[in-house]
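Sharing a structure below in structure tokens format, with a few things to ask.
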């Protein structure tokens, strides 16, 4: 019978640097495979094993970061807006994903790359945002290399400074490899379940806001029914598709901005997010500010762009689609 613990120890001993490089590369590429703990362990190994020089570990780890980050950067240059939205759609919190990434980059600029790797889930999105925002390759490489070096060095230093504690933990894990692996998987599954439950809670709350179909909005436009269209999406490039005449309001729009909306017109809010969650959130705030006729556009901007441009909106304004 194969000894799993011994097999794992042998694999790590023979291919430590290659496995570390792969771990860092995959994490920076966006996979949920934490590399920081591996770097801490690598720091400890450099202190106790002469065949694993710290300079090699540092160089290979920074190189892995630069390879993955540069790939995200060029992807952002070529397919920025589309890819940003695609990446955030698979997030458990897609509606805050773009907003947080764009906020950080706009507030700080490429300097955010110095600390992005310390922020959970921000690494790949920040490098993607750097390409989307048109940051020069030279500035990107300088800041990203510095940020990668800081991130890697901090982990290695932690492993060296706490050599005894990390060594004791490794010995404990070696003695209980299978139970420890199961425990880690259980904790990860529990975390995903918690995030998913929170997501579903937000979606259920958003159903309180009535929906308006694209055809109903076009009927309003063709018949001159007073209305205001509000775009709640983060402005990634300024050239993305939008509904003509729409005004932009952020989810954190202040009371003055909400009060400036007309009281004698329907307000239709749209986003580009699953279940219209962001649009429904702002619609709730607008309604609380004294505007009762507020709707979230069903399907968001995707439904608008997918609707045939020559399609007749109908002879009468249909009743807005209510949430189930």
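The backbone N, Cα and C atoms fix where each Cβ goes, and this holds for glycine too.
Unlike curated records, TrEMBL annotations are generated automatically.
Sharing the feature lines straight out of TrEMBL:
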type	residues	note
TRANSMEM	12-33	transmembrane segment
TRANSMEM	53-75	transmembrane segment
TRANSMEM	140-162	transmembrane segment
TRANSMEM	168-194	transmembrane segment
DOMAIN	223-313	domain 'Rhodanese'
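I'd like these features described in context: how deep, what's nearby, how far apart.
Using a Cβ-Cβ cut-off under 8 Å and counting only residues 6 or more beyond its ends in the same chain, the transmembrane segment (12-33) has close neighbours at 39, 42, 45, 52, 56-57, 60-61, 63-65, 67-69, 71-72, 87, 117, 123-124, 152, 188.
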Summarise the model confidence on the domain 'Rhodanese' (223-313) as a single mean pLDDT, whole number.
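Its mean pLDDT is 82.
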Take the domain 'Rhodanese' (223-313) and count its residues per DSSP category (helix H/G/I, strand E/B, coil), listing them in that order.
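Split by secondary structure, the domain 'Rhodanese' (223-313) comes out as 28 helix, 16 strand, 47 coil.
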